[in-house]
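Novice: Can you keep this structure in mind? I'll have questions shortly.
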């Protein structure tokens, strides 16, 4: 052995070999050869050891052959594996980095000891490095103590924030208080600049001011008439501005709450508000963006707080429907960036003295809905729905961006789960940390991603939310901390440096589930943060004690919060009852949500009532005529000043004059009384959502309150001196202003310098688009010393900014300048202001919603012609009050919103649903109101392509039933042209050729048409594929939208026209003529070639032609006509010849046979024209005779896309416009459709339209009818009779959507005694559904979605579900467990979220609240149900044990006799060998009390042991069949026990539903192949343990002659047997004794020699081949029909001794409502059972089982232990070990063995083969 070999380990020699293999396989071949030679010489390779132990050297080639299982790169693979393996044990500091050369925690040699935490001593903490404390190492342990940190700071005067304030400190932030202060969702919250005040803005139109330190409600700012969409506090902390969906901006003084201005510059909702940080003397700016696509800059003075009402306005609407969504100012206020729905970012600059637009950045591919400037520089980040964010910075005269792709994943991490399920990533929110080092983006996959703001590198992915996140709030001074909140109710504090969660809070609301968090803000000092939620709560978090917050009430409202207001001409408001400005009214009383005043200790918390006497703190209560309590301001014992008494007397006299006797009677009904100081008026616990019939007391109690709240002069003086929000101290304000000024100057300097620098490269992106400065700027700004502090600036998307409004006329829908929607115009202070507050519902709607409550903001297309709306009996909703202004806006109305006609990505125009008042008696609007909004009436008029009454070949006008050829090339050209000209937003990826394989031309049939309102009006078609040979539909289809556009050739060609042209012979040089604009044009064919090479066979534009005027063009053969001999040519070459009427008629469509019924088209057209003439003479049709007068109703064309009327239809009939009956009927239906769209449902004009439409359709269908008057009379009589019936039913209680005055107590479903009734869940679920129906939030989900209103609903939603269907299914008894009901209810919410993507619309918050409410209550129902199951299971087991103990001696003796076992086993063996499964002959039922007979002999009652109990039962009447043929009964061969009593009843209950449906006398065959079976099969595949099948017996009292029933349900748990008619191989009477095998049995196959049937004896389901064989056999033996009038009755007769519950179950009516596909389950039937005599069950199962239905989850747990394994039995005697895996044959053999030590008997009487160990134990005993 060589010297080198000595001491060489085996590992080293293997390493040499692997290195040589690695080098040999790589580029270093020569080095490999050298190494191989050297290791061979020195014998360094692994050696071989022979059988004697001697070692022998081996060559390299020998080793390669020996280790041929090793790849050449085996060494490299080992290195790859080392890193991940070590990572699991000792994580490295930088995850994902794979290196062999790392050090420290990156080293592959690292150990736990080498990576332990480092702890510095005090001297190290006090050291300085480069003038600052050194940074802690990565493996630094716990942060140093606060004492060491403070001492080091004392030594060196410096500190690091992470040491002084570690992020663990934020774990001590807790929720101080959750206050209910609003009646609706609160989308806006902000702090003032001091952090001592909190402002909340809600959907209930109120802005409230709260004290941060103790949570007191300080003031309510009233005035808005719609939802608050955004708020902003100025930097001087002197005023607050709030924008609303009512298109107004209201500004209040923070010191006195006095209104400073009402700004009206937008024609649609306000989407964002920002106070500019810019400082120029006393001049300041306020910016606002709106859904009308405009941005306004309002100039105001910081000294006087005066705001110029005329803004500098930019209209950024390149096409209708574009909205400005978000905005953000730079730190110095010199830049403003905005995002909008047209994908463009616009940047405005203030450095030239006035705002000017300097850039338009169009690099996002979807809407930009979040934007935020950095805190210290001129960088900003934008987030888009295209799944990307961009960080922008102005460099070298252009805006450059860093792309942040949300699909990026961190290195070394493979995030699975939800991220993979999200098909399209979307950015929902963006934010910067305080130091601008990182950018945080919220993604729709419920994660937050942290990026390096300078490189765009992904740093962390923060996971913890369970729903989408729309709130990101950085800490005001700590760059490590970020707050996030989402719709899942979680508020999470993150450590951005480590990427971990510091603390999380869950907003659980008792009785209502969780509340989705909609906004969150942190106070400027970082001590508090506040959140608001979907239920109207304000949540205050902070450090320290909550003792101050414990002194306030949980519900805080002022009694005057919801009083009606009146508006003057400038939209300033006064309280209607006191005629005072709200801020001048005396201090209000504090009440709860139901209007009950709080005790006096709480009243002192109201500003102005701190020093009041006790009696002055108790409000005087009165009762209104409606029975509601109300607060009266003056107390009976209070001294009233002379001024007060005089004003009060004058007001009372005025009231009497106005109301007359009514006022006296109303006043007399008010019982005034004083509440004692010791008593407290409490509301019922506010658990659960508010009911729709139960208006909150705080809102309704003052609707008719007397005007008694008048302030005295001393009150006004004292009140005017109050300070609600303190101003900033002079030093702080001046310092912040200096900072903002400096930042502004820095931004100007940076911008100017970058503007002068030249481009380094001409990039494709980020080009500066300089716009012409053609805007009229009214205000100029002197840029002096200006500076800003970036504090409290937000970029969150408000609810209005997030709402989807894709098609135009948002400003008209919101409605200030148009009043066409409301039946009653809301007149406010002399101005015509319409505030539509209704949304699609079958019943009453919310009291306070606007256009943002449209719960289906995204739209689709109607794929079918309009059909009749189902007739519903509706009740008129009760109005809560008779107010003149606000109440009109809050009236409950039945309104159907017109679908907004675009998909989520589409930003085209909307078509809001307008209401037309009854009989068209509506206030006329001047056309000028349209022009005020930048629109003209002509823009909205439908094109001539739609309104033309003459048939033309070009352009093609689609009609129902048209068979057309679709040309993909033409459609692609249309899409490209529409995109190029930006006519409307169109997504090329959603075109049909991206969804399916399309040839160049396809034969299609038009099966659906709908027109969409917009600019332009679009035609939406559904095209179905047509087989050209058979003319039948093939089943496929697609949808498309298009309109007639100049310079775009028709790509839909009638089949008739195509076929005529296809066979027309054209040659080069042939002359032709073509119809263009109703004239003949002549030309010559020059050549033929395909338009595109990839479609060589396409005829689309395949000819190159030359017109006579010299122009060349491509033409399609169907556009060219042969020139006849008698053709008229133009006088001048190159001109045209007009078409004659004869030529026009010859070119139109020639109808096919049957398209006009049995008569020719001309005859039918004349008949229908005559009928229409008669119809037009009737008064009921007068409104539909002529087109709608657009001068009188200018908004009509903005609502109705396809206007039509009787005269238009008549004219088209005369011109032979319609190509078939279905085309005509489609247009007739549109009369009703348009009327219903424009008018209020249920109004007389809608009823008239329905009647006229039905009448005309009946007339058209009846081709023998030539006089419409008799038909009119008969239909009129029928309608009158129907209306009388409806009037009779008018007093019937309405649906739950109706307003109810009675206040039923709200119950908690969980506060009830524990019930162990398994069926109790049905009643509990019924109560829960009743509560849900009474909740206001359930209105959109109560009834099925109207497919006429939302035709694309089924395209998106596969399985519709609603609460009415759930209730019907529950009442019909079709839910077998509460889990199934829970699944359907959850389906309702998942369907809604899938169909309505707008996450911050009001309807979305309703769904969140209702879903959380349901989950909160259903949890207790599920818990009780599972508890009942467990109780019954334990009860059943205890019964078994008692029975077993009572019969132990009898069972032991019976089991010990082998001869007895043989006798028992014989019928069992016979019964198991059978032919046709479930072939059950039945006979007529004899009286149930006759003597039971088996084989003609009376039998006594028998004792039967079942798994639940053992009962003695009465005899059953049976009769031996008279026929000689064998009647066969079959027992399932599954691993079950047959229970002829109870199991039969269970199965009969289950089959009663199926039997009730068998009404036909024809033979029926039951098939195995059902959807239930397949679903069950899938379920069983997923379970690790097969379920044990239950075998039961289905019995009849006695057989019927000459009838048989074949009942096959092979896939269910129970199989069917009739014990009363058991006959085995032709011999009757002896019932079978069934053996139930234990778990783990091997399958045993028995062959029936008589029938050849193979029965697989194994657990679980039968094999498919056996099922098929049994199915065929069953069908062959099915010779007699099943009589529905026999089976159920016989079943009931057999169950004569059962209790009423079982009879109810058996006689249950058939399923009602929607029938969900569910797995059959066994019902719990625990009572006496009727069985034949001598039926005994030999039990083999040693497991504790129950017949009760077990919850699937519990059953899964129970089945986990069902695998074969060793079991023991210890009854205080001996212990025997036995196996359960012996076969069935072995089991039978044990019955006949006589050796005492080869088998034993278990506690249940089962024979068990003893193991050797068991024998040894027995011998040892």
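Note: Cβ is positioned from N, Cα and C throughout, glycine not excepted.
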Novice: Can you check which of 1281, 1471, 1502 Swiss-Prot annotates as phosphoserine?
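Specialist: The phosphoserine feature in Swiss-Prot corresponds to 1281.
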Novice: Can you dig through Swiss-Prot and tell me which residue of 1283, 1449, 1632 is labelled phosphoserine?
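Specialist: Record lookup, Swiss-Prot, feature phosphoserine, residue 1283.
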Novice: According to Swiss-Prot, one residue among 1438, 1448, 1783 carries the annotation phosphoserine; which one is it?
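Specialist: My reading of Swiss-Prot gives 1783.
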Novice: Swiss-Prot annotation phosphoserine: which of 545, 665, 1315, 1559 has it?
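Specialist: With Swiss-Prot as the source, phosphoserine is noted for 1315.
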Novice: Going by Swiss-Prot, point out which residue in 177, 1533, 1590, 1736 is annotated as N6-acetyllysine.
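Specialist: Record lookup, Swiss-Prot, feature N6-acetyllysine, residue 1533.
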Novice: Taking the Cβ of residue 1281 (phosphoserine) as the centre, how many other Cβ atoms fall within a 10 Å radius?
Specialist: 10
Novice: For the compositional bias 'Basic residues' (1435-1446), give the DSSP counts of helix residues, strand residues and coil residues.
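Specialist: Once the DSSP states are binned, the compositional bias 'Basic residues' (1435-1446) shows 12 helix, 0 strand, 0 coil.
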Novice: In DSSP terms, helix, strand or coil for residue 1281 (phosphoserine)?
Specialist: helix
